[in-house]
């Protein structure tokens, strides 16, 4: 989203011609280099065949892309809501706020559940990371970090560590302990380093690897123990704002979304972009896999949420209403996958029926933008984080079928 996007301009000597000028950070075989715009253009022209130019190649690329879209549209014979016509309509939803977690002194930017279904971690613009007991409202740990705008946080699968990152371009891992008085900030270990802010992070299926996304337009896989870069992912042409790991035991793919209005699916082993979707009309603020791993949803500043089927390789549903004019900032699915919770910049959370494409409920309570919604691992609770400095914890997903 526009007011969470930061640009870092680099000025210095070009690594090719040594001329002091604004530099463009590019990657060749995973190695970062800083070239001026002239050297980048000259490098791009190398290897062109006789009669070819960058303009002609771009024109050919656009033509092939249009042909591919035309072939895709021929296969789009039915929409998801048409397939679901005979499925029973959801009844009235009863979702009640049970807890309001207060402790941050500024906008809460991110939160994540622990797999024990009880603890959660939140990060804020106040430079603090807080580990909560959601049942008792107690703060188990509070970590003050030197960087304000801690834009992302994540719990390790074991529950023994948390990761966080933000405007300092780093992603750090902090081991947790039973001693609440221990200075955890002193145990912080920097694992990942980008050339722009860190917008997202998540552990893989172990505590030993960390996946990050950044405003430098890349995603990266890191070894937690050594801090070594294991794989980098290049394909976005603007800031990457969100990522999500496939919910499988192997977890070999992940999806990312960013300011280039693209959602890309990646193979973690090869680093290749294996699928790409470009139907949004503005920044993609959040992406989230469907529980089965065969599809994912996205939230965008164009005021829509969209549902993509990876097997069909296309968008199959759009969740929108004429009355919704503010951007969607975050999404998550219920455990069954029937409900899609979407947080918006108008301070509300809309609950969508994934199959029917209709809005099942709308939740109020926050007094500023909803920055994150996450369903607990057992599916019984929903936690939302907001720029009103609070987190709200809701339960009782009760439906009365019509």
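Don't overthink the numbers, they just go from 1 along the chain as shown.
Just so you know, glycine gets a Cβ as well, placed from its N, Cα and C.
Going by TrEMBL, these are the annotated features:
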- 101-133: repeat 'WD' (REPEAT)
- 191-232: repeat 'WD' (REPEAT)
- 233-276: repeat 'WD' (REPEAT)
- 277-318: repeat 'WD' (REPEAT)
- 330-362: repeat 'WD' (REPEAT)
- 363-392: repeat 'WD' (REPEAT)
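Away from its own ends, the repeat 'WD' (363-392) comes close to residues 95, 97-102, 104-113, 115, 117, 120, 122, 124, 132, 134, 329-336, 341-345, 347-351 of its chain (Cβ-Cβ under 8 Å, at least six residues beyond either end).
Distant neighbours of the repeat 'WD' (233-276): 1, 4-5, 27, 30, 196, 199-200, 202, 204-205, 211-221, 282-289, 291-293, 296, 298, 300, 308, 310, 313; these residues of the same chain sit at least 6 beyond its ends, with a Cβ under 8 Å from one of its Cβ atoms. Of the recorded ranges 101-133, 191-232, 277-318, the repeat 'WD' (330-362) has the largest number of C-beta contacts under 8 angstroms with 277-318. Helix, strand and coil counts from DSSP across the repeat 'WD' (330-362) read 0 helix, 19 strand, 14 coil.
Predicted-model confidence for the repeat 'WD' (363-392) is 95, expressed as mean pLDDT. For the repeat 'WD' (277-318), the DSSP-based tally of helix, strand and coil residues reads 0 helix, 23 strand, 19 coil. DSSP states for the repeat 'WD' (101-133), grouped as helix (H, G, I), strand (E, B) and coil, give 0 helix, 20 strand, 13 coil.
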